[in-house]
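Take a look at the structure below.
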Amino acid sequence: MTENMTENPTPPGTTDVVRLSAAATAAAIAVGRLSAVEATRAALDRIAKVDETVHAFLHVDADGALAAARSVDDRRAAGERLGPLAGVPLALKDVFTTRGMPTTCGSRILEGWHPPYDATVVSRLRAADVVLLGKANMDEFAMGSSTENSAFGPTRNPWDVTRIPGGSSGGSAAAVAAFEAPLALGTDTGGSIRQPAALCGLVGVKPTYGGVSRYGLVAFSSSLDQAGPLARTVTDAALLHAAIAGHDPLDSTSVDAPVPAVVAAARQRDIRGMRVGVVREFAGDGYDPGVEAAFAAAVEALTGLGAQVVEVSCPHFSYALPAYYLIAPSECSSNLARFDAMRFGLRIGDDGRAGAEEVMSRTREAGFGPEVKRRIILGTYALSSGYYDAYYGQAQKVRTLISRDFTAAFEQVDVLVSPTTPTPAFPLGAKVDDPVAMYLSDLCTIPSNLAGGPAMSLPSGLVDGLPVGIQIMAPPFADDRLYRVGGALEEALDVGRGHPLLDEVPAL
């Protein structure tokens, strides 16, 4: 969907409300053709209709959402000037602390926990008058690539409910693809926004590390985690990106730098003269031929738009996966030590006779799932005396080499492109017992996390009726380049196929 609905909002009745873009929804609300309550009720009705099948949501706050929508309508009626996303419904990944809603991180160890404060991104969404529908399903503590690691059951892909939606932000992606919400917020540690975006036919963006606050984001890997948007269009993603970005003194890793002009870039749609580098290392064995064909067609479209396309080598990208699976579990081992049964969350075996260590052990055994335990053990081992330098230390050196690859590449080109994932969505259960095969789903996305730069996944086409994506990567704090290239390519691909890709998603 590439239409610019801001200037020409579609009135209710001519198009199903839940299928409107976020920009179109906001524009219709702003001029009174649609109320925020109507938009919210439409989303809630859609959730009631399809979410038993999709299982995108862990918690739906219907009362809170409708109250927020009424506030938007009342203030608009009073003549108050509202923001560009006022009244637009949104699904929130259940990894952000949210006052008034449970925050579980997809884990039994936090089941029923209600945080007393909002994450900064949640506060900014409320300030922007975005309507929070509820909390979306996810792999436990964001550890996974399929959303099968959720303690509360898997989410299903709206394109084929026998297949995974990707992960760890699979609930957020499925909610948008199933037209339960026009927008969703996810997190990306090694591809957890971009991979599900690709597998569900969406736009997903990992902003520059430090560009969006992590305060209130329950940490998996602190040097890699980043919040970002999932949407049906590049412009919608840009509007959400702009709403959550900016310096936050509550986050020590937040960078005090100007927010890139992502909305203007998304609407520019002119990439003549831009230099685009195709990453040589992301092709060949392990890549589905259909994925490679869709990627080649997208690259051809970039050439047709006037971009200068060249091949670029990033030789250390091939070491990204093993480096990531030492760094991320090491940080996870440290971060998840806070779940000790003493301060919040689950407590098992506290019979008045057991000591604190025994209670903690029983609680963590009962509360953490298999993948979380696997990564804690791996990280603890990598950080242990005698192994730190050989494993964690070496992985950090590889991380530096990958950052240097990016620096060298961006001296030659403005952006890099690759497939987002090696394959389309695979069947539920197909890789649960093969962790390495599961980890390979993030082969193309991990380098941007290790280097801290921004990256976007954009729908590139269908393979056997399933969506796949093209990834666009840019230098740190050049997030606007993603949107400039993404907006132009989205329009070209939609024109080429005669309609937005999501028009082909099967009805549920």
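Don't overthink the numbers, they just go from 1 along the chain as shown.
Note: Cβ is positioned from N, Cα and C throughout, glycine not excepted.
Feature annotations, reproduced from Swiss-Prot:
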ACT_SITE  Lys93  active site, charge relay system
ACT_SITE  Ser168  active site, charge relay system
ACT_SITE  Ser192  active site, acyl-ester intermediate
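In this structure the alpha carbons, written CA, of the residue listed as 'active site, acyl-ester intermediate' and Ser168 (active site, charge relay system) are 5 Å apart. Sorting the active-site residues Ser168, Ser192 by the number of other Cβ atoms within 10 Å puts Ser192 first.
Residue pair Ser168 (active site, charge relay system) / Lys93 (active site, charge relay system) shows a Cα separation of 9 Å. All chains included, 30 other C-beta atoms sit within 10 angstroms of the C-beta of Lys93 (active site, charge relay system).
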